[in-house]
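Q: The structure follows.
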Amino acid sequence: MHEFRIGYSDTAWISSILLAMLYGTGPLCSVCVNRFGCRPVMLAGGLLASLGMVAASFCRSVIQLYLTAGVLTGLGLALNFQPSLIMLNRYFNKRRPMANGLAAAGSPVFLCALSPLGQLLQDQYGWRGGFLILGGLLLNCCVCAALMRPLEAPAGSAPASGPQRPSRRLLDLSVFRDRGFVVYAAAASVMVLGLFVPPVFVVSYAKDLGVPDTRAAFLLTVLGLVDIFARPAAGFVTGLPKVRPYSVYLFSFAMFFNGFTDLTGSTASDYGGLVVFCIFFGISYGMVGALQFEVLMAIVGTQKFSSAIGLVLLLEAIAVLIGPPSGGKLLDATHVYQYVFILAGTEVLAASLVLVLGNFFCIRRRPAAAVEGEHKPPADGGVDSREVEHFLKAEPEKNGEVAHTPETSV
């Protein structure tokens, strides 16, 4: 802001473009994963993300920052983010909610570390040196990609007899025929309008109240610390047998909790109030982070998840591109941070209502016997004992459509 003499809204476009690339390139990532596999796509993504941040450190205008830190790094992170979720869905079934929660906890771990580290880098090396160092750190995405070992068929398994299953489409648009998917996509698109706004502005909010820079940056560390424990806890609760069939409603409650926290956070008038806000926001934000893709996996099933997540992220990209800049415009016009938090909370609350009402009124109730039958293990005792291979083979397609899991019914 000081070097390029720009306002809050112009600065917010950097993170918005990055998030829009992360979300908007979802179909491209789906096609790449279905064509080349998770590991090569993630390796390419790590290189692009690093290159974007390194190039951003040499930028001479905010437009160049939009193209490097926004577009290039955003594309690289997208090529890491989506394949990691797809691989998680392929590796786990029974313990998938817990796996989702643990995997999602990686974000708050580094949020805690990078918030004070970012302030330190800026103080010691300036924002340019900080971007250069962060670009080097992003090369570790390539190390993570190397660990994404493709699944192999069980040893000694014979080729399946009979007609061969048709090859997987590079982008399966049939998910739009699933009403559960449509309701989820609509709710998620509304949710991301306001979900990322408070973390973007809470540090500036504290500085506006007269809080020193270091203490203000510590707010994100508080948020991240709470988030670390909230995500695995939410995954553990969702994985309980009596809770898992109602994961959609738990996700709706998480969004409601998050929106309500934003509204109450708008009343904070001192540093202590913002710390309390970050604690409760971290809990609700962690619940949303642990549940959002677990619910999508439950709705569409394993075979269509790689296409479904790409399409959902594309729909969310428009909202992500609008959210933080609209908050910045509102702040530039009013200079009142409370209005920004009220707007964000209202949007997330609206998303929770869309999800719960859409599931209650738009998705047909299914017979209890059919639901119970889907949880029973196959009668054939010849299934391989390893959980991964069992998961890949345990959900046969019916008339070309993947059978829905109990989590999609109400």
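Including glycine, each Cβ sits where the backbone N, Cα and C put it.
Below, the features straight out of TrEMBL:
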COMPBIAS  373-401  compositional bias 'Basic and acidic residues'
DOMAIN    1-362  domain 'Major facilitator superfamily (MFS) profile'
REGION    373-410  region 'Disordered'
TRANSMEM  12-33  transmembrane segment
TRANSMEM  40-58  transmembrane segment
TRANSMEM  64-81  transmembrane segment
TRANSMEM  102-121  transmembrane segment
TRANSMEM  127-148  transmembrane segment
TRANSMEM  181-204  transmembrane segment
TRANSMEM  216-234  transmembrane segment
TRANSMEM  246-265  transmembrane segment
TRANSMEM  271-293  transmembrane segment
TRANSMEM  305-324  transmembrane segment
TRANSMEM  336-357  transmembrane segment
Q: With a cut-off of 8 Å between Cβ atoms, can you find at least three pairs linking the transmembrane segment (181-204) to the transmembrane segment (12-33)? Only pairs 6 or more residues apart in sequence count.
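A: Between the transmembrane segment (12-33) and the transmembrane segment (181-204), which are separate recorded stretches, there is contact, as judged by 3 or more close Cβ pairs.
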Q: Could you tell me the mean pLDDT the prediction assigns to the domain 'Major facilitator superfamily (MFS) profile' (1-362)?
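A: Mean pLDDT for the domain 'Major facilitator superfamily (MFS) profile' (1-362): 86.
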Q: Using Cβ atoms only, state whether the transmembrane segment (336-357) and the transmembrane segment (246-265) have three or more pairs under 8 Å that are 6 or more apart in sequence.
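A: They are in contact.
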Q: Excluding the flanking five residues on each side, which residues at least 6 beyond the ends of the transmembrane segment (40-58) place their CB within less than 8 Å of a CB in that stretch?
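A: Non-local partners: 29, 32-33, 64-65, 68-69, 71-80, 83-84, 128-132, 134-136, 138-142, 144-146, 148.
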Q: Six or more residues out from either end of the transmembrane segment (127-148), which same-chain residues have a Cβ under 8 Å from its Cβ atoms?
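A: Distant contacts of the transmembrane segment (127-148): 3, 38-39, 42-43, 45-47, 49-54, 56-58, 69, 73, 76-77, 80, 83-84, 87, 114, 118, 121.
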Q: Out of 12-33, 64-81, 102-121, 246-265, which stretch has the largest tally of CB pairs under 8 angstroms to the transmembrane segment (305-324)?
A: 12-33
Q: Hey, would you say the transmembrane segment (64-81) packs against the transmembrane segment (12-33), going by three or more CB pairs under 8 A that are 6+ residues apart?
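A: The answer is yes, given that the two segments have at least 3 Cβ pairs within the 8 Å cut-off.
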Q: Could you give the residue numbers and ranges of same-chain residues that sit at least 6 residues beyond the transmembrane segment (12-33) on either side and whose C-beta is under 8 angstroms from one of its C-beta atoms?
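A: Cβ under 8 Å, 6 or more out: 41, 62, 65-66, 69-71, 73-75, 77-79, 81-83, 86, 170-171, 192, 196, 200, 306-307, 309-314, 316-318, 320-325, 327-328.
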